[in-house]
Amino acid sequence: MTESPIVLDVEIRNWVVIPILIVLFIVSALKLNISRIMQINSGKPQDVEKTMQMQTINRVRRLVSFYNRIPQKSFFIRKAYLCGTTGSKTNKGILSSIAPTQEDSNPMNMMFANSMFTDPSGITDMLKGNIMHLIPQVTMMSWVNHFFSGFVACKLPFFPLTIRFKTFLQRGIEMGSLDVSYVSSLSWYFLCWFGSEGINAILLGENMVSADSQLLQSSIEPGPPTQQTPIHKIYASEKENIEMIRYDSLMTNIEDRFLDNIKKKTSFDFNQINKNNNNNNNNTSNIKPKPIKSNLSNSKQSKRITYQKPSSLI
């Protein structure tokens with residue numbers, strides 16, 4: 001026995017489903033702008049030396065990933081700038097400019113150095129982020145639960161779901177006989193909240209991190225900080241990666257490879273087309289021009305035009 005589908009009112013779509021979507025997008029945009037303002041006004045000083053080191057590491061990794069897209073001369077210039085010139089005492093390269101530092105004998109001191117336990121601004125920023133994600137979600141959930149409680153908002157047009165999804169898709173509706181594919185208003189809000197990350201990234205122009213993952217990370221108690229790798233060891237490993245590269249340009253024979261890809265995707269035989277074009281050109285060159293006949297003989301056969309005098313007036 002098949003169950004007859006429930007016909008939902010159009011007003012539910014206009015006054016429940018669409019308003020939740022619009023308000024959720026507006027709240028996401030406001031949350032993003034407020035978080036940017038809070039980051040600008042935080043005034044946390046940045047270490048210039050560490051910033052330069054991170055930019056150097058990013059530059060080296062980009063070169064390792066995309067070295068075959070630049071000319072060979074440009075690659076060797078960058079390699080000499082980063083790794084230095086072999087046999088030269090003056091040009092040792094940026095990656096060899098930092099000398100190894102004396103490491104602390106106690107590893108716990110190294111682990112807790114430059115961590116959030118010694119830097120109070122890190123704890124402040126973490127609290128600000130948690131507040132910025134927690135307050136809008138609690139407010140939105142209370143708003144939906146107060147104004148739209150008890151509504152069957154929509155039906156999922158998917159394959160039949162199991163009974164395990166009932167507690168997630170029908171929050172606020174206590175009906176055991178209702179099909180699992182029907183979604184309540186509160187569950188519709190949660191579905192939109194979990195699935196709005198990609199839409200916000202496209203419309204707002206920002207790669208936003210999902211709020212649920214940030215709330216999950218903030219709820220977990222932080223453990224001891226991990227030991228940071230010294231910068232000279234990172235430089236040494238990146239230098240080895242550059243020196244292991246054997247340059248092979250991606251632009252070599254790119255025309256032939258492009259034509260091969262087209263041949264694989266299409267059924268055209270370009271060699272046969274070229275032969276046909278050459279044969280057509282040869283045929284047109286072998287055709288002799290026909291002599292043009294003059295039309296002077298036709299002029300002799302033209303009719304004579306006679307002129308008659310008008311009759312005299314009486």
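Backbone N, Cα and C define each Cβ position, glycine as well.
Copied over from Swiss-Prot, here are the features:
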- 272-293: compositional bias 'Low complexity' (COMPBIAS)
- 294-314: compositional bias 'Polar residues' (COMPBIAS)
- 272-314: region 'Disordered' (REGION)
- 1-14: topological domain 'Lumenal' (TOPO_DOM)
- 39-130: topological domain 'Cytoplasmic' (TOPO_DOM)
- 147-185: topological domain 'Lumenal' (TOPO_DOM)
- 205-314: topological domain 'Cytoplasmic' (TOPO_DOM)
- 15-38: transmembrane segment (TRANSMEM)
- 131-146: transmembrane segment (TRANSMEM)
- 186-204: transmembrane segment (TRANSMEM)
Checklist outcome for this item: Beyond a gap of at least 6 residues from its ends, the CB atoms lying under 8 Å from the transmembrane segment (186-204) belong to 16-17, 20-21, 24-25, 28-29, 32, 137, 140-141, 144-145, 148-149, 153-154, 168-172, 210-212
Item to check | Three-state composition of the topological domain 'Lumenal' (147-185), taking helix and strand from DSSP | outcome: 9 helix, 7 strand, 23 coil
Checklist entry - Per-residue pLDDT averaged over the topological domain 'Lumenal' (147-185) comes to what? => result 84
